[in-house]
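Engineer: For reference, the structure I am asking about is given below.
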């Protein structure tokens, strides 16, 4: 079963959007198999955003993600990575369609509510960074055969 990493960023946590976001993924039929509310260390933030290390906005990314609590999650289901990206909407909320998380709630590129893995490789790497194996549950919902 495909898994992805999603994170409600500090702006989403501060604006009380955790429940709204979780609800959207549950209603889509995806299964939450790991979740935690946490503060992010600078070390974890730098490792998470390592691919952007040479970009001018790297410091701002790290500062923002460490500025307040985040809600880190692991979701599973068929095509969860691609579907989650579509549900999130484009990175820039100006370009994000209404009905997407960013289109409905984000205020700027820098404060765009949510992060999601963009590929199976990213999902595996990010889940491993943010969660121990024991923190990701493995169970089958009885409704799964109808989704």
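Backbone N, Cα and C atoms are what each Cβ position is placed from, and that goes for glycine too.
Here's the feature list from Swiss-Prot:
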| type | residues | note |
| --- | --- | --- |
| BINDING | 9, 57, 85, 91, 102, 112 | ATP binding site |
| ACT_SITE | 115 | active site, pros-phosphohistidine intermediate |
Engineer: With a 10 Å radius around each C-beta, find which of these recorded positions (9, 85, 102, 115) has the fewest other C-beta atoms nearby.
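Structural biologist: Among the recorded positions 9, 85, 102, 115, the lowest count of other Cβ atoms within 10 Å belongs to 85.
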Engineer: Give me the Cα-Cα distance between residue 91 (ATP binding site) and the residue listed as 'active site, pros-phosphohistidine intermediate', rounded to a whole Å.
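Structural biologist: Distance (Cα to Cα, whole Å): 9 Å.
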Engineer: Going by DSSP, give the three-state secondary structure for residue 85 (ATP binding site).
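Structural biologist: Assignment for residue 85 (ATP binding site) reads helix.
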Engineer: Using DSSP and three states only, what is residue 102 (ATP binding site)?
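Structural biologist: Where residue 102 (ATP binding site) sits, the three-state DSSP reduction gives helix.
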Engineer: Once the chains shown are all counted, how many other Cβ atoms turn up within 10 Å of the Cβ of residue 112 (ATP binding site)?
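Structural biologist: A 10 Å sphere around the Cβ of residue 112 (ATP binding site) contains 22 other Cβ atoms.
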Engineer: What subset of the binding-site residues 9, 57, 85 lies within 10 angstroms of residue 115 (active site, pros-phosphohistidine intermediate), using C-alpha positions?
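Structural biologist: So the list is 9, 85.
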